[in-house]
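Participant: Below you'll find the structure I mean.
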Amino acid sequence: MNVMTTIPQPIISSTVHVNHYNQLLTTLSAASSLSHLKQVHARIIRLGLDRSNSLLIKLAVSACTLSSPSFDYALSAFYQMHNPEPHLSNKLLRELSRSIKPEKALLAYAKMREKGFVVDSFSLPPLLKASTRIPALSEGMELHGFATKLDFVSDPFVQTGLVAMYSACGHIEDARMMFDKMPERDVVAWNMMIDGYCGNGRYNDVLPLIEEMKRSDVKPDEKIFSTVVSACGRAGNLEFGKAFHEFITENKVVIDYNLQCSLVIMYAGCCSMDMAANIFKKLSPKNIVVSTAMITGYSKAGRIDDARLIFDQMTEKDLICWSAMISGYAERGQPQKALQLFDKMLTLGVKPDQVTMLSVISACASLGAVHNALKIQSYVDENRFSGVLPVNNALIDMYAKCGELDRAKQVFTRVHRRNVITWSSMIGAYAVHGDAINALDLFHEMKNQKTAPNEVTFVGLLYACSHAGLVEEGRKIFASMVNDYNLTPKREHYGCMVDLYGRANLLKEALEVIEQMPMAPNVVIWGSLMAACRIYNETELGEFAAKRVLELDPYHDGAHIFLSNIYAKGKKWENVGEIRKLMQNKGVVKQRGSSRIELDGEIHEFLTADKNHARVDEIYEKLDAVVSELEVAGYTPNMSCVLVDLDEDEKTKALLWHSEKLALCFGLLRRKRGSCIRIIKNLRVCEDCHNFMKLASKVYGIQIVVRDRTRFHRYEDGVCSCKDYW
DNA sequence: GTCGATACAT
């Protein structure tokens, strides 16, 4: 039915007018589409009511609140008005400022000034709100100037709006100046200022402000505590968060559901899981957001089983909580569980996003299993993630950590729009494979393509140099980092330099780096010097470094063992006894060696002297055979690698039962002809195993790839890719 | 007739 045809001709009578007017208002409120509004607009004109500004404003506001709003229609209706009263214009400004296009409010304002529409002090709050939401500093400042000129600036609502605007534009000091000038500050003004500090990361300014608020007559409400507590959580500021919790309790602020949620999320975000759990267990109902925060918190705190418990108790699961649980496993050294969970998620029909993929790829990287890596890449390619740069960057890293340098290179090549992470990942890939030449070449190519290197790029480059013994090149790279790229070296970079000099037997230079670095050396750096001293039998400096390690990490197994060996070599038996006793008292145990080998997509793990494998007899039999065959080729067990005090026979066994030798023998039993044997080890490869692998590669004509704690060794025809420099 | 409107997780 056509609305227009049913309308009688307007009869000029005030009663009829009022009737039409009210009817039109109701129709405007109910309008659900632009075409509907246009029909009503036509009726307004036909009825001769188009001089009614209040009707036209209602029309304009209705155009803004449609499910698919038309701001341009609203504005054109507005511009047709004749000097609308400011309280009507302000209605529209308010609507526009809250809409998805707050900039339309500023546009309307510009036109109002142009057309000479009257603006009053009530126009400013919505305009400032628009400037806050965009955020638009220069427009906001202009409004400030305008308000000052017309003396609207003494209005507390305008003042609060200015505080919000300056905070949102990052001008927190101006916000504070405005705030300080306010003669009367209500709870909203205080909240805006506090919120502003939180939004600008100025958490340390919040507490003093709350104290000041307490001293004034304004009582803080539970809403602002929710905001502040969650801000503490985001900043990981536990001390501050706790102080707030105490403040809340002491001041008997009502802890409502939302504040409870904020507290749980804050404690979980700060890894203070006992506190989080205390509140969480009382929380009812337990929503998905808080549960996810608990999962992440437990994961970060290393309590992955507790995280899983929460996960399993969730009645409703979304992509985010799946991703949180998966990345928890990936980051807490349980990559297999991460991958299992990913499979389960796919089975249940939950579609991963980029974030999930990055966790899963990093799980594959730490697992180091080629089979899984290939599976994940096909998933990436089949599900349109192959064009996503961060995913490709992660794939490069994954293949590098799986020992698949060529596949890493393939991914690198297919990425055309490379960013600094792409380049750094590939440089890092060459570095862990001991290929310093290609790492440096790639760096030059990167420079030619005008991609600026960052700190991570230089870690890769320095790492490559130190693992290849390129002392001079490393020195130059370090200097270039500072001089050409204006980057400030971090601990990692100094660590690489210590490593570079240490591995090259330039122990004096290594010590000088430590002495001259601007920050305190950490356990890794002293550990690196200690390791160098161990290689070059430098007992005096070694003892010194080991002691520094123990100061920083009293439970460091390697430093205890190293010291004990130094003393044993020097026949200082009393000191040896002391160290042993110390280890016993402190409960320091040597980290047990563990090696994984992947065969037919299955992963087998061996610990040192492992007797748990199903085919244990066969494996040890094979080990005896291999040892005999290698002895013919010149192998003699290198007893200096045994760090415990045992008799000769036991020492030999301890050496031969290193986990990577067991894994190798299992690989030799099960491998397919022509395939390469890949072993992933948790510790550094010892000299004896290194020699063992080299000889095995020659005697059996196979390629063996071993990933140890820090790098790859590729053994072929009796030679290792690390050139015995590791 | 005006300002904020709580938590929000990978």
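Glycine is treated like the rest: Cβ placed from N, Cα and C.
Dumping what TrEMBL says about this protein:
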- A:186-220: repeat 'PPR' (REPEAT)
- A:287-317: repeat 'PPR' (REPEAT)
- A:318-352: repeat 'PPR' (REPEAT)
- A:419-453: repeat 'PPR' (REPEAT)
- A:634-726: domain 'DYW' (DOMAIN)
Participant: Is the repeat 'PPR' (A:419-453) packed against any residues at least 6 beyond its ends, judged by a Cβ distance under 8 Å, and which are they?
Facilitator: 389-390, 392-393, 396-397, 399-401, 403, 405, 408-409, 412, 459-461, 463-465, 467-468, 470, 473, 481, 485, 487, 710-714, 721-723, 726
Participant: For a three-state summary based on DSSP, what are the helix, strand and coil counts in the domain 'DYW' (A:634-726)?
Facilitator: 37 helix, 16 strand, 40 coil
Participant: What is the three-state DSSP composition of the repeat 'PPR' (A:186-220), stated as helix, strand and coil residue counts?
Facilitator: 26 helix, 0 strand, 9 coil
Participant: Which residue counts does DSSP give the repeat 'PPR' (A:419-453) for helix, strand and coil?
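Facilitator: Taking each residue of the repeat 'PPR' (A:419-453) in turn, the totals are 26 helix, 0 strand, 9 coil.
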Participant: Write out how many residues of the repeat 'PPR' (A:287-317) are helix, how many strand and how many coil, based on DSSP.
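Facilitator: In the repeat 'PPR' (A:287-317), the DSSP-based counts are 23 helix, 0 strand, 8 coil.
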Participant: Averaging the per-residue pLDDT over the repeat 'PPR' (A:287-317), what integer do you get?
Facilitator: 94
